[in-house]
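Features reported for this protein in TrEMBL:
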type     : residues                                       : note
DOMAIN   : 37-309                                         : domain 'PRMT5 TIM barrel'
DOMAIN   : 315-484                                        : domain 'PRMT5 arginine-N-methyltransferase'
BINDING  : Tyr343, Lys352, Tyr353, Glu411, Asp439, Met440 : S-adenosyl-L-methionine binding site
SITE     : Phe346                                         : site 'Critical for specifying symmetric addition of methyl groups'
ACT_SITE : Glu455                                         : active site, proton donor/acceptor
ACT_SITE : Glu464                                         : active site, proton donor/acceptor
DOMAIN   : 487-653                                        : domain 'PRMT5 oligomerisation'
Amino acid sequence: MPLGDNLGDKSDSRYCGVETDFNDDMPHVLSYNINGGFDFVVAPLMEPGYRPSLINSTRRESSVLPFAGSDLVLSPAQWSSHVVGKVSSWIDLDSEDDVLREDSEIALKQEIAWASHLSLQACLLPTPKGNSCANYARCVNQILQNLNNMQLWLRIPLVKSDVGDDDSLNGTSDGMVVEPTDSWELWNSFRELCEHHSQLSIALDVLSSLPSVNSLGRWFGEPVKAAIVHTDSFLTNARGYPCLSKRHQKLLNGFFYYSIQIVLSGKAVHKLPVASSPSGPSQTDNYAQQAQRHEIRSYLDYVGYLYQKMEPLSEQERFELGYRDFLQSPLQPLMDNLEAQTYETFEKDSVKYIQYQRAVSKALVDRIPDENASTTTVVLMVVGAGRGPLVRASLQAAEETGRKLKVYAVEKNPNAVVTLHSLVKLEGWENSVTIISCDMRCWEAPEKADILVSELLGSFGDNELSPECLDGAQRFLKPDGISIPSSYTSFIQPVTTSKLYNDVKLHKDLLHFETAYVVKLHRLAKLSPSQPVFTFTHPNHSSNKTNQRYKKLRFEAPIDTGSFIVHGFAGYFDAILYKDVHLGIEPSTATPNMFSWFPIFFPLRSPMYVKAGSPLDFHIWRCCGNTKVWYEWSVTSPTASPIHNSNGRSYWVGL
């Protein structure tokens, strides 16, 4: 039974599981836990006392493995939807004991084969034991090469001790120094050995003590599928019921937001108060109800309470749900004509056009004093008019401020021009709007403009050739003319995003790792605050009008984050439309409820490991040729990456 209804949320985090002990009566295990309110069980598949070496070699071929019941005891749908297999916890593939190591390898492969036979969606692997996990990873990697669609969840405890902690870097009784522990390092070495396989994911063991907020943040960019919360991590509230600390509550909210399923584990450790009632019979009923209830139902109820307490998804978030972590190639606005559906999507973004209207209003008031408002006509050119939303916003600004306006709407897409003519006729704008069906770079204007308005910005500001277009259109402007936008700056930051890295890797070629994608970023960890990259100002009166750029940036993560892995860089922009009117998607200053732009993502061909406290040096170039503009990017510290997209060989924007 789902944890509750949260408007717009259809993700897996609605479903809560429970970890169970071995029981060869799987129908009973399933019915008890499903009736108890859980959606699935994480159940051992093999009798815990089984060891392959204890079976006589002559009997081995004919012996029946002690699995938890035949595949026929549950329907295929029940196995698939309600059971996650749990591999035996005694398994230790890196043991120095040869017999144990060989037993572990045989048993692991037998149990995964059985789980695969049952068509389970996932199987929980035990936590690697000790510092070395090379042989364990080797065996898992072999299994992954031939696995069906099943996910393997590697159990990792959520542990990180910092240098300042009481239990780290302290001398032990025998004088040895204890190094700080960070379970992320264990996960990272295992995943590296398994070549970042997309079917290897994480089940985090959430304990009563949590690492720092920055350290926890790393995990949201990793492929965490489940969080196992232990009953002894719960506190007791004033009424005697289980509850979680504020930090644990915030962490669970993060799990819900990122579609990570909660699994409860352990026995009931709270003695619940029996509800008192003035009448005798109902008290007896209470005892009967308590006996029938699942022993850890009160913990499940609390998790459900946290889920239902979450803010429902906003209208914008519901709109963006289908785009989350979906890689899209950026638009080629000069080479290609946009389709009607694309125009319609952008035109629905009312927030953007309200900002444009505010900017035009301020520019009109600054341009024409009130005493001249009735006698002076302002010439305004919309370059890249599309189907007319900026024309409408400009005319509304003129009406709002009481200024007279003459509008030139310049648009190269002949299909959009048809719509523009229809709009002008419908709205009765014939006397104030002139439509020019032409590429702005080729048009010879009959007069100079007071104001030049455009919406040529891309997710990275300049990535849809706004600088080239507006430099070309600058000849339309009077010497003291106003450009809206007047300037824009790109921003970039390093991110962990295992999901996007694996999606790019699926293509198995260089081209896709050297393409910048537009993507609604969701499952990611932002490792360091974004930094400004390139700024363009319009009109550009400088004598050196090159739009080539180069920037070197140094990123440093907070020291308590620990080590991390960088899969690529997330790019944003912030634009000043006019004076104090801005719009943008840079996270710290983003315009609320605006959906016209998703961030841009620059992938790295090989994920970059950055040790705790080490800086990350990133270089990015904006290169201009006769027929195209492109970006090149690379990392030089802590280790050097290749320069991506040299000469625009994989990705460019055509002029």
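Using N, Cα and C of the backbone, Cβ positions are placed for all residues, glycine too.
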Mean pLDDT across the domain 'PRMT5 arginine-N-methyltransferase' (315-484), rounded to an integer, is what?
94
Among Phe346, Glu455, Glu464, these being the recorded positions, pick the one whose CA is nearest to that of Glu411 (S-adenosyl-L-methionine binding site).
Glu455
Any idea which of the recorded positions Phe346, Tyr353 has the thinnest Cβ neighbourhood at 10 Å?
Phe346
Cα of Asp439 (S-adenosyl-L-methionine binding site) to Cα of Glu455 (active site, proton donor/acceptor): how many Å, rounded?
15
Around the C-beta of Met440 (S-adenosyl-L-methionine binding site), how many further C-beta atoms are within 10 angstroms, looking at every protein chain?
24
Among Tyr343, Lys352, Tyr353, Glu411, Asp439, Met440, which the record lists as binding S-adenosyl-L-methionine, how far apart in Å are the two most distant Cα atoms?
24
Taking just the CA atoms, what is the gap between Tyr353 (S-adenosyl-L-methionine binding site) and Glu464 (active site, proton donor/acceptor) in Å?
19
Measuring Cα to Cα, how many Å separate Met440 (S-adenosyl-L-methionine binding site) from Glu464 (active site, proton donor/acceptor)?
15
For the recorded positions listed here (Glu411, Asp439, Glu455, Glu464), which one has the lowest count of neighbouring CB atoms within 10 Å of its own CB?
Asp439
Rounded Cα separation (Å) that holds between Lys352 (S-adenosyl-L-methionine binding site) and Phe346 (site 'Critical for specifying symmetric addition of methyl groups'):
9
For Tyr343 (S-adenosyl-L-methionine binding site), write down the residues of its own chain that are at least 6 apart in sequence and whose Cβ falls under 8 Å from its Cβ; none is a fine answer.
Gly386, Arg387, Ala416, Thr419
Please give me the CB contact count at 10 A for Lys352 (S-adenosyl-L-methionine binding site), counting all chains in the structure.
24
Hey, how far is Phe346 (site 'Critical for specifying symmetric addition of methyl groups') from Glu455 (active site, proton donor/acceptor), Cα to Cα, in Å?
11
Please report the Cα separation of Glu455 (active site, proton donor/acceptor) and Glu464 (active site, proton donor/acceptor) in Å, rounded to an integer.
10
